[in-house]
Amino acid sequence: MTNMRKSHPLIKIINHSFIDLPAPSNISAWWNFGSLLGVCLALQIITGLFLAMHYTADTTTAFSSVTHICRDVNYGWLIRYAHANGASMFFIFLYFHIGRGIYYGSYTFMETWNIGVLLLFAVMATAFMGYVLPWGQMSFWGATVITNLLSAIPYIGPTLVEWIWGGFSVDKATLTRFFAFHFILPFIITAMVMIHLLFLHETGSNNPSGLNSDSDKIPFHPYYTIKDILGVLFMALALLMLILFSPDLLGDPDNYTPANPLNTPPHIKPEWYFLFAYAILRSIPNKLGGVLALVFSILILMLFPSLHLSKQRSMSFRPLSQCLXWILVANLIILTWIGGQPVEHPFITIGQLASISYFCIILILMPTMSLTENKLLKW
């Protein structure tokens, strides 16, 4: 009699995905982030569901309802901070996951990579709308500034903005629809994650060497289940430290002031995980140019498979490309820092230089370096 795990229509899908899946024997801790992102998504959906039970999507009561959750609901403070800081962990892991993909050439799995980029857009949209819901000062003004960017679209822009707002400014209608979208998007993301995994399992996982590993595979369980559980424990430790010791470390103090359309905060800025893109947006004086640069700064990820000119897949044996990749990381850290600074000298110039460097490294230097390395190896 065949094992139920291998014959049952539903259980065998789980079996082929997480138990009997043949995995490369040499994948490092950089391959842990996929499972960590899955855990983060589950955590966000569960905590979000409990928050939605007590939250009211109305401009007059939204801020008070969040305060009520923190003060009066049993462990409400824990749920709220787990959700807020869980989002930060989500983005840390997302950026590590994408960085891993760039470093080890995982983007050559075209379908998996492109679904991944769409997932990034969906997660960014969800996080942005979630930031609006507490209806603090930064929520309101962040929503106003970011939605206003759409007015840069020629001809239909201003109409589009008013259509999204549901009026002539960010108000009750905007908050209600943002809550609706913020609730539904994580489920759409979950479906997209399944497609992401479906495409990944068509090809099998990449590995640090970038070479075909068909000749040396090991079962996912117990080897990588144990490894993933260890990663989850480390994540739980970091997240609990953040929630219990400094829950507001990554937040903005302005969001503890209720939204006031008559009083603009001195420095409007998004959450830390959007600062790099915000810095690129601000570095271009023209409104439409800034919006295009902002969108392209993420969309550029889709060009990676086309820009891969090296004869080797991974950067493991390409020291020159490795240097560029780490320069790109440093550049993104600089952009993140600049995004949080006021628009004044010398930050404007640094931001413009860092933005130019970002596009130059990806579009010009990395492909050139790949060709140079091919020449050095006489390929």
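Any Cβ shown, glycine's included, is placed from N, Cα and C.
Not measured: the values here are computed from a predicted model.
What Swiss-Prot says about this one:
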BINDING   H83, H182  heme b b562 binding site
BINDING   H97, H196  heme b b566 binding site
BINDING   H201  ubiquinone binding site
TRANSMEM  33-53  transmembrane segment
TRANSMEM  77-98  transmembrane segment
TRANSMEM  113-133  transmembrane segment
TRANSMEM  178-198  transmembrane segment
TRANSMEM  226-246  transmembrane segment
TRANSMEM  288-308  transmembrane segment
TRANSMEM  320-340  transmembrane segment
TRANSMEM  347-367  transmembrane segment
H196 (heme b b566 binding site) versus H182 (heme b b562 binding site) - Cα distance in angstrom: 21
Per Cβ pairs under 8 Å, the stretch of 178-198, 226-246, 347-367 packing most closely against the transmembrane segment (77-98): 226-246
H97 (heme b b566 binding site) versus H201 (ubiquinone binding site) - Cα distance in angstrom: 17
H196 (heme b b566 binding site) and H83 (heme b b562 binding site), Cα-Cα, nearest whole angstrom: 24
Interface-richest range of 33-53, 113-133, 226-246, 288-308, 347-367 toward the transmembrane segment (320-340), CB pairs under 8 Å: 347-367
Around the Cβ of H83 (heme b b562 binding site), the count of other Cβ atoms that are within 10 Å: 21
CB contact flag for the transmembrane segment (33-53) and the transmembrane segment (226-246), at least three pairs under 8 A: yes
